[in-house]
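**Student:** Quick paste of what Swiss-Prot says about this protein:
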type	residues	note
BINDING	GLY11, MET12, SER13, GLY14, GLY15, VAL16, ASP17, SER18, MET37, GLY127	ATP binding site
DISULFID	CYS102-CYS199	disulfide bond
ACT_SITE	CYS102	active site, nucleophile
SITE	HIS128	site 'Interaction with tRNA'
ACT_SITE	CYS199	active site, cysteine persulfide intermediate
SITE	GLN344	site 'Interaction with tRNA'
Amino acid sequence: MSETAKKVIVGMSGGVDSSVSAWLLQQQGYQVEGLFMKNWEEDDGEEYCTAAADLADAQAVCDKLGIELHTVNFAAEYWDNVFELFLAEYKAGRTPNPDILCNKEIKFKAFLEFAAEDLCADYIATGHYVRRAXVDGKSRLLRGLDSNKDQSYFLYTLSHEQIAQSLFPVGELEKPQVRKIAEDLGLVTAKKKDSTGICFIGERKFRKFLGRYLPAQPGKIITVDGDEIGEHQGLMYHTLGQRKGLGIGGTKDGTEEPWYVVDKDVENNILIVAQGHEHPRLMSVGLIAQQLHWVDREPFTGTMRCTVKTRYRQTDIPCTVKALDADRIEVIFDEPVAAVTPGQSAVFYNGEVCLGGGIIEQRLPLPV
């Protein structure tokens, strides 16, 4: 079988990126089929029923392109492998990233296995803005060509074997080009806005949604000087560096600086705040990361120089990484960084290549 006749299953989300991905693969000569994944059981009425609309859009695109659309329900896998861990992290006072977990457990595990075993696919494809390239005989993950849309941060858990079985057609394009292709083709998704919110759970009100699964525990808001200035409705609703939603307007000592979350005392259910987004308590000189995933799957020992992102869309931070043991590293930044958040991911790069990453276990605060 020639390379161009190979079978690709495209994860069709009902969005513009996966729609255009399917068309691009058709142009490249692949045998293309679509798969719509239902990963959440809707139980709260019409207001949040986005899955049905997304499925209708995915079906309309597949009809237009003349390709078959399969559907699969991964709700049980999502609940067990993504959502329960997501809740446990919030309960522990950390701020997890469910999109990274979802890519790891659903899109590049459950989907990959289903496509290969049930649909006899040679590859899967998604609408992620990343690229792949072979380096030293292994498939590597590269940043997407569109630096504004690069999604390699969310895919750092992938192994070189998973990347070798995955295609990322829009990673070579910029977003406006993708929308233009969709418009020229007359696809219903051409002007559909990009999805935000929790992976697969959609745009629902986050605080209300989380409150259904984790009972909120109100507690004190205390300044770094120890003054009590308000009450929070639950530590889980707040993250380091947060400014909005604290409900403690006004100023102190005549300064006009707004209040920011600088720490959480989980044991005592206290939210600690300070004024100014560059307050020393918000700054870190480094971090400790665990649950490491290196794309080449080679164990990391010794030290290395590279860059790191501690959150999506952050400018790369030059740093030195040192192995502490098989599954923990210490990262020291060249310059202090604000709002390094336990539970989020630290993702490492060498130029365009995403090396891998890990979960931030603790931040190393600026010495006082």
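The backbone N, Cα and C atoms fix where each Cβ goes, and this holds for glycine too.
Fair warning: this is a prediction, and the values are worked out from it, not measured in the lab.
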**Student:** Secondary structure at ASP17 (ATP binding site) (DSSP, helix/strand/coil)?
**Tutor:** helix
**Student:** In this structure, which of the binding-site residues GLY11, GLY15 has the fewest other Cβ atoms within 10 Å of its Cβ?
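**Tutor:** Comparing Cβ neighbours within 10 Å for the binding-site residues GLY11, GLY15, GLY15 has the fewest.
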**Student:** For GLN344 (site 'Interaction with tRNA'), what is the tally of other C-beta atoms lying within 10 angstroms of its C-beta?
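**Tutor:** A 10 Å sphere around the Cβ of GLN344 (site 'Interaction with tRNA') contains 24 other Cβ atoms.
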**Student:** Could you measure the widest C-alpha to C-alpha distance across GLY11, MET12, SER13, GLY14, GLY15, VAL16, ASP17, SER18, MET37, GLY127, the residues recorded as binding ATP, and give it to a whole number of angstrom?
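**Tutor:** Taking every pair of listed residues, the largest Cα separation comes to 16 Å.
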**Student:** Out of GLY11, GLY15, MET37, CYS102, HIS128, which of these recorded positions is nearest GLN344 (site 'Interaction with tRNA') by C-alpha distance?
**Tutor:** CYS102
**Student:** Taking only the Cα atoms, work out how far GLY15 (ATP binding site) lies from HIS128 (site 'Interaction with tRNA'), in Å, as a whole number.
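**Tutor:** On Cα coordinates alone, these residues lie 11 Å apart.
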**Student:** Distance between CYS102 (disulfide bond) and MET37 (ATP binding site) at the Cα atoms, whole Å?
**Tutor:** 12
**Student:** Report, as a single number, how many Cβ atoms besides its own are within 10 Å of the Cβ of SER13 (ATP binding site).
**Tutor:** 23
